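Listed features, source TrEMBL:
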BINDING   B:S28, B:G29, B:G30, B:K31, B:D32, B:S33  ATP binding site
DOMAIN    B:365-439  domain 'Lysidine-tRNA(Ile) synthetase C-terminal'
Protein chains: 2
Amino acid sequence: MLPLQQFQDFIKQHQLFAKDDKILVAVSGGKDSVLMLHLFKAIGVNVGVAHCNFNLRADEAQRDENFVKMLAVSLDLPFYITHFDTKKYAAENKISTQMAARDLRYNWFEELRIKENYDYIALAQHQNDAIETILINLTRGTGISGLHGILPKRDKLIRPLLCLTRQQINEAIDNNNLDFVEDSSNLSTNYTRNKLRLQVIPHLQEINPNLEKTFAENIARFADVEEFLAIQVKKLSAKLLNKRGDGIYIPLDELLKLQPQKLLLFELLKPFGFSESTIEDISNSLKSLSGTHFFSASHQAIINRNDLVIVAKDSNEHFNQFIHPSTKNILFGKHEVKLSFSTEIKFEIDANKAFVNADKLIFPLVLRNWQNGDKFIPLGMRHPKKVSDFFIDEKVPLHLKSSTPILINGNGDLVWIAGMRQDNRYKLTTATKKVAIFELEKY
Amino acid sequence: MLPLQQFQDFIKQHQLFAKDDKILVAVSGGKDSVLMLHLFKAIGVNVGVAHCNFNLRADEAQRDENFVKMLAVSLDLPFYITHFDTKKYAAENKISTQMAARDLRYNWFEELRIKENYDYIALAQHQNDAIETILINLTRGTGISGLHGILPKRDKLIRPLLCLTRQQINEAIDNNNLDFVEDSSNLSTNYTRNKLRLQVIPHLQEINPNLEKTFAENIARFADVEEFLAIQVKKLSAKLLNKRGDGIYIPLDELLKLQPQKLLLFELLKPFGFSESTIEDISNSLKSLSGTHFFSASHQAIINRNDLVIVAKDSNEHFNQFIHPSTKNILFGKHEVKLSFSTEIKFEIDANKAFVNADKLIFPLVLRNWQNGDKFIPLGMRHPKKVSDFFIDEKVPLHLKSSTPILINGNGDLVWIAGMRQDNRYKLTTATKKVAIFELEKY
């Protein structure tokens, strides 16, 4: 007898798919996927069979492919096959063979699903796989999100075999005389999993013979806690993260109230890719001076007056930022430009400040990167000069060239190469009534 | 060199105690506790030494006691010793020797702490103990609260040695030539822990040589999630649990909105001792008919109109409950009594209902248990009868006698033995203008 009831109950309990959905079943030919295919067939679901040949173990891979094809034909099911040059893909992408195989198969399954109009992709992971995953995560280091094991449903992937243990699968295969191949392409059976499977979990089963059931219950509890945290963080994000212009502003006083602060800061900033140790730094720096900054691969976080401001790295270097008379400060890559006005006509000699004749400004001004063809009249000169030549004369290195903010007047004139030189046409004169002071801060 | 910096940093980080606090150090004589004592002494904390002789392995136990006493004397520290008849205590309380030893030592430490005026009790658990605890909890089944491992501080217990791994302790003992005894009284070394220590954890360390550090980080993350959940549940409790009279009322519509419902219901009802499976039943019954009820060892939960009502089992049987004209229903032990009024003069023959001449009622009425000396005139009779005699005639078993609600008029007359017989004086007559209908529901 096949464990049909368990299979159906689990599908229902986790709402894996609807009655008339079409399911693409990933079948390697091993016990797990073969049983899953028979279970789907037995309960009358509309399924197709997908098999990947990774060309990793030549003869065996061909044997597996033939076996799965015959199985699909004998069950009168559509059969889909693909062949990968896994090693080549791994070499090209500088990843392990295992990661390569994983990428390749998931991508192909999803393409196939869309092309052939299937609703879900079914993978044959079972309860023991889930236990192994949790122990691996714990051993390598994890938070609450590493404790839900393998989820029964995630996007278009479903795992209905999580209702069974490895032993139950073996028994079902034996009792029903189901044919299968020894799973040479079982890519999840790597060194770490094997160690846990053979050397660790048996000892835990001596302590608790119902380990699989216990872990399934653990997992359900942990998943609930994870869901609760996610719901609360979502609410908190909506409340605290304010998108303004190019940045996301988070009030520091609100962050200081969070409890536990590190956890919530981590969850709030997760979308921006900050590492745990950087989050810890940020958490310890919430009372620091304005200007303190932190980086992830994609973003920077800056303590800016009363806010923690998150800006995509460079994102704000690549398009124009408008400056209005009311603008007080504007973030630009790793820079911040501040604007103030004065009716006292004075100036300082400081490359990081520009004292501009405000009467000549046409708002909105624009702050942008240097563009090929930009020209200006350097302060003290009479003739226009190409900015590229100016950069060369000043020996400005390439990476600074592209990140230097350039201030442009509403009429298109270049007003200031921030941090370097302002334009002669906008300098203060005896006729100036009002001074616009631009100040560059570098982080 | 002793690992003083690590020890001090950990104490500071977890705010284990204040500078001038007196610490009672539990010393078995084994490596862990001996090192901890030396560390305390070296950083100049005011400590005393407490040793338990469990009389479990006669010669060895005496050897250990002598060793710890000499150690305390040589360090010029106060020494406290006690002797337990552990086996006798275990037999009397029907618990394992290990549980008995645990009970005895914790109780004695706390008594000693108070008597001798110490601030905290220091126990010598280390990082590997914490890993074992988590793996034991996972193997036996746990929620998030089973993942914080061993807490550095809980009430008056502190565990500063959690800053070190077993290997670091062994190294410190070796490098400093510290004397110790092989820990015959190490009661935590039971079958399960030994299995994990010797057969499981070494394999995990092959996967990750920094397992202790990784687990310490895991633990910190899990503890944060646990704290967050606790904070949110506390807020939720304050919002949803309304104490009214003898019961705690929780609006059903609010419970139905909770997400994830089972987790939050479990956390909200945790103080009342409901099992996880009962919580699951309650969660599935929130839309059930009024009157559906559930029990824990100490409490009952009842679906009551728009609320889930939690009442201490029997708590409301042992004092008077007042009934006002506005009272619609009142909980009484496993019973509920409902009150309504009618100007239509009619009645039914139903022991669970009393149709009472409302004109004669003097509010507030009282609902209470039977008391010795209670008399009434049974419906249809002319002469008073002792309630105790009535119970005997009706063959009411003892446990029902004490749980039967008795309705008493404001003038002291017995009006109704709920579920059995009403009083003749309060029956409906042709002169009755208004009927009070009392209805008994049993859970």
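Just so you know, glycine gets a Cβ as well, placed from its N, Cα and C.
The average pLDDT computed over the domain 'Lysidine-tRNA(Ile) synthetase C-terminal' (B:365-439) stands at 90. In this view, the densest Cβ surroundings among the binding-site residues B:K31, B:D32 belong to B:D32, judged by other Cβ atoms lying within 10 Å. The binding-site residues considered are B:G29, B:G30; of these, B:G30 has the fewest other C-beta atoms within 10 angstroms of its C-beta.
Annotation: B:S33 carries the greatest number of neighbouring Cβ atoms among the binding-site residues B:S28, B:S33 [cut-off 10 Å, Cβ to Cβ]. For the domain 'Lysidine-tRNA(Ile) synthetase C-terminal' (B:365-439), residue counts in helix, strand and coil come to 16 helix, 24 strand, 35 coil, using DSSP.
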